[in-house]
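Enquirer: According to TrEMBL, the protein has these features:
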type     : residues : note
DOMAIN   : 16-464   : domain 'Major facilitator superfamily (MFS) profile'
REGION   : 519-541  : region 'Disordered'
TRANSMEM : 12-34    : transmembrane segment
TRANSMEM : 99-121   : transmembrane segment
TRANSMEM : 128-145  : transmembrane segment
TRANSMEM : 186-206  : transmembrane segment
TRANSMEM : 218-242  : transmembrane segment
TRANSMEM : 308-330  : transmembrane segment
TRANSMEM : 342-364  : transmembrane segment
TRANSMEM : 370-392  : transmembrane segment
TRANSMEM : 404-422  : transmembrane segment
TRANSMEM : 434-457  : transmembrane segment
């Protein structure tokens with residue numbers, strides 16, 4: 001190898017993480033841009049609801065005796081004036097069921113279904129090549145969204161974009177889990193999955209300010225054209241500079257069940273811990289998607305005279321980034337002491353702390369709204385990377401990517417489609433009340449569900465098991481017997497590696513009792529009496 005390249009090879013893992021994360025950020029930028037450009041897009045493409053909106057920056061909302069949003073018909077809207085100057089207009093506001101369908105279901109429907117197939121394919125085929133093709137697909141789809149002439153064009157292209165982006169998470173997660181050690185897994189997953197919030201945060205200044213600059217008289221279209229070109233460039237780097245890593249098991253996750261058969265995807269998915277984790281993640285995802293799809297429209301509706309674009313960008317990118325990193329580090333540091341259960345505990349605690357300031361971010365005026373949003377983001381954004389660190393650690397190698405695909409299918413179908421209820425609830429309770437329920441309210445609900453999940457995951461090894469192992473050593477069973485009597489650490493995948501456990505009535509592996517520690521690990525202990533070896537060998541069949 002060329003000396004310079006040999007030196008740079010030490011940074012290869014970090015380079016891979018960087019390329020994968022940038023590609024994910026660009027994909028999510030294309031995903032969330034619609035939430036920022038929706039008003040301009042709706043005016044040009046003729047979709048969504050009309051509303052009375054403030055159109056004159058000469059006045060602040062505090063000077064107005066009647067707010068534009070309080071008027072519900074066009075005639076009364078144009079009749080409002082201050083000192084003879086009209087300050088309202090009746091136009092598309094970017095909201096309505098057409099927008100909610102465009103932002104959520106049309107994307108989520110294809111994203112989730114295609115994601116399942118991508119997960120299965122990732123377990124069998126070259127992930128780098130597949131990821132390159134996927135990135136090209138959603139890059140071209142983002143670019144073409146800048147050329148649309150009708151609403152249905154945008155719908156079709158968002159569906160194509162979703163199909164391409166659906167492979168990003170399961171493919172990239174599989175690649176990263178094979179090149180990074182367990183000690184860095186939650187942090188790496190957190191950094192990568194922060195791409196969701198990175199793309200979402202960048203969408204605020206890009207969608208607001210580039211649209212206003214009106215380059216080449218293209219307005220909002222330049223945002224999509226530029227993002228599409230950058231995505232295709234990242235796809236080229238992915239295909240030309242990344243190599244397919246050797247697949248490896250994490251801990252003991254690829255062993256067989258007590259019956260001698262490989263662990264199946266269905267056995268993984270039907271586990272109570274996995275079911276509860278999917279439900280909790282789905283509810284939390286709904287809270288995040290509700291805010292992502294409605295933040296810019298919400299603040300423009302209630303504070304039309306205050307430009308919060310850079311504030312939203314700073315809070316999302318700056319404070320959100322710190323929260324992602326802190327969550328990953330904290331989770332990685334304590335998992336060895338408390339087992340995998342500690343990750344779920346960090347999830348529950350962080351979402352609980354984030355709930356109250358999340359309410360504040362949609363209750364207060366702009367200054368305190370941004371302060372409380374920052375506090376909420378710091379704790380709230382810990383969740384995504386930790387969730388996928390849990391999934392990776394409790395799932396066997398042979399079904400890892402397909403499990404992630406199914407997990408994303410469930411999480412996105414529930415969490416990604418529930419925000420469509422924001423519009424009908426807003427018509428009954430008001431836009432602010434609806435956002436409070438589906439955004440901050442769902443944060444609180446997810447905290448409770450993550451706490452329940454915590455008790456379904458493996459904790460740290462039982463003290464009596466360790467004592468029994470030590471007693472076995474003193475009784476002359478040999479050092480290998482103690483070493484092979486592996487404690488039930490969560491990060492060893494032992495939740496689904498049941499060849500050293502006894503099947504229980506509910507289908508989940510029961511923990512080994514001290515007397516079972518007299519058997520060696522799968523019968524490999526050579527120092528045990530013949531009758532014990534025979535029994536251990538029988539237990540493997």
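Cβ coordinates are placed from backbone N, Cα and C, and glycine is handled just like the others.
Any TrEMBL annotation is an automated prediction that lacks curation.
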Enquirer: Using Cβ atoms and a strict cutoff of less than 8 Å, what residues sit near the transmembrane segment (342-364) while being 6 or more residues removed from its termini?
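Expert: That would be 186, 277, 280, 284, 287, 291, 298, 323, 327, 330-331, 334-335, 370-373, 375-380, 382-383, 386-387, 389-390, 432, 435-436, 439-440, 443-444, 446-448, 450-451, 453-454, 457, 490.
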Enquirer: Which of 128-145, 308-330, 434-457 shares the most C-beta pairs under 8 angstroms with the transmembrane segment (186-206)?
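Expert: So the stretch in question is 308-330.
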Enquirer: In this predicted model, what is the average pLDDT of the domain 'Major facilitator superfamily (MFS) profile' (16-464)?
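Expert: It averages 85.
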